[in-house]
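Colleague: Feature table excerpt (TrEMBL):
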| type | residues | note |
| --- | --- | --- |
| DOMAIN | 18-444 | domain 'Major facilitator superfamily (MFS) profile' |
| TRANSMEM | 102-119 | transmembrane segment |
| TRANSMEM | 125-147 | transmembrane segment |
| TRANSMEM | 159-183 | transmembrane segment |
| TRANSMEM | 189-207 | transmembrane segment |
| TRANSMEM | 261-290 | transmembrane segment |
| TRANSMEM | 302-324 | transmembrane segment |
| TRANSMEM | 331-350 | transmembrane segment |
| TRANSMEM | 356-379 | transmembrane segment |
| TRANSMEM | 391-413 | transmembrane segment |
| TRANSMEM | 419-439 | transmembrane segment |
| REGION | 463-484 | region 'Disordered' |
Amino acid sequence: MVDGISKSSSCSRLNLDIVRNYSQNNIIPNVDVNVSEIPLEKCLDGWTYSNEIYQSTIVTEWDLVCDNKYKLPLSTSINYIGVLVGACISSQLSDRYGRRPALFLMMILQTVAITAQIFSPNWEIFCFLFFFVGAGEFSNYIIAFVLGTEILSPKSRVIFCSMGVFMSSAMGYLAMPAVAYFLRDWRMLLIPMAASGLIYVPIWWLVPESPRWLLSRGRVEEAEAILIGAAKSNNVEPPKAIFTQAEIDDTMSRKDKQYNFSVIVSSCNMFSITVLCSMLWIVVTIGYYGLVLNTSNLNGDPFLNCFLSGLVQLPAYIIALLLLQYCSRHLCQSSTLFFGGVMILCVHIIPTDSEIVPVLLEILGRFGITSAFCVVYTFSSELFPTVIRSTAMGCCSMAARIGTIISPFIIYLGQYNKSLPYILMGGFALCGALLCFLLPETFGKPLPETMAQMQLICRGRRKKAKEDENGESATDYQNKESRL
């Protein structure tokens, strides 16, 4: 019985040997024998799948149905575990060996893993490779975000963080259902996904290393060369001395210091900010991926639904750009989470007989959460210093995987109570809207280079003590930021 309607099972059948015996003895079903009493057996001869929408998927190729149905969500979980491990390793590589080497290493890993997936002989090999796809795909996303944040000026940084990173991601998301509409075999669909890795090749000659990272590692001449080249490209006369001798001496004195996860734990201020940012990332991720996963529950063409769910992201990123340019980070983060949370809560709380109103409210909720997703990246990157920024962002990304793993189960709760997923996602979003006010404000302030330059959550400490620890005044720090 499915929704009160009697339907044939897709996972079991009547025992064929018994049915053949009854047939040979001319026994009439439901007259001479009760059919419901005939024992069942598994579908030993395989399954026949509909080709109405897809020609081939991993489900149809490896029979991930019935007793093997759990393998489909497990495949996604393995990919998310890869994202978790990749974020941990790549953040360390990025802070130790540079943004560019780590970025291209993760790009190569992603491209090679997707290419190898095309030739997967079985589900186990597919999942093994899917782990490395996850490790590469999200890691290069985080590293590229950090690299762009450190290279660009404050005004350009905001545009890059919203339009450059997230808008490009949205365009790729919109292209996916269009390509999948014409390539309905999963192996064929992986070919253009793997080929897109060729776009990365020219970036090696176009994108320089982060001058902030080079300076933090004592490679002053390389940092100066990049800054002079950038000035010439913008028709700006660079100063004769990019960095003062005092700044160079300060940099050389701490260039050999290694920064890793232990630094985050050892500093109370750094640990507090990292925990609060991680909680924000979890809240945003639960709402974002929860609504993404719920797209499959909508009626209609799956390709069109996927396209429309991506289309709503475009205006969301534009709004995020405007907010980031003109408003404080507290206002940006709280307003987007508050709007998204209220819209999600209203989906099933507002009584209505219309089928359009809940869908519209859910779209508006995703609009707000998508904007919040964009803001939390920018907000977090501005809080952490250059020497540990990639590692700290990696911690936030790893924490976000908790939200990614939880979100499918939150949607699953809708089978028991349709309102419950929306109450949980909306409630978490409203909590996040309040949580962000515990973080320091970063709007209009220079990016911190060292641990001492981080803003303090506890504002009771004296500013002079911070300057003494840092070795430079706020004015000197602002001047260095201007030159960078």
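Placed from the backbone N, Cα and C atoms, the Cβ positions cover glycine too.
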Colleague: Taking pairs 6 or more apart in sequence, does the count of Cβ pairs under 8 Å between the transmembrane segment (356-379) and the transmembrane segment (391-413) hit 3 or more?
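Modeller: Contact between the transmembrane segment (391-413) and the transmembrane segment (356-379): absent, because fewer than 3 Cβ pairs are under 8 Å.
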Colleague: For the transmembrane segment (331-350), name the stretch out of 102-119, 302-324, 419-439 with the most CB-CB pairs under 8 Å.
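Modeller: Answer is 419-439, with the largest number of Cβ pairs below 8 Å.
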Colleague: Under 8 Å for C-beta pairs, could you tell me which stretch among 102-119, 125-147, 261-290, 391-413 has the largest tally with the transmembrane segment (159-183)?
Modeller: 125-147
Colleague: If I take every residue in the domain 'Major facilitator superfamily (MFS) profile' (18-444) and average their pLDDT values, what number comes out?
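Modeller: That stretch averages a pLDDT of 81.
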Colleague: Is it true that the transmembrane segment (102-119) and the transmembrane segment (419-439) have 3 or more CB pairs under 8 Å, sequence gap of 6 or more?
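Modeller: Contact criterion not met.
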Colleague: Based on Cβ pairs under 8 Å, which of the stretches 125-147, 189-207, 261-290, 302-324 lies most in contact with the transmembrane segment (391-413)?
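Modeller: Per the Cβ under 8 Å count, 261-290.
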Colleague: Quick test of the contact rule: Cβ under 8 Å, at least six residues beyond the ends. What residues does that give for the transmembrane segment (261-290)?
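Modeller: The answer is 92, 333, 337, 340-341, 344, 365-366, 369-370, 372-373, 376, 379-380, 383-384, 388, 391-392, 395-397, 399-404, 406-407, 410-411, 421, 424-425, 428-429, 431-432, 435-436, 438-440, 451, 454, 456-458.
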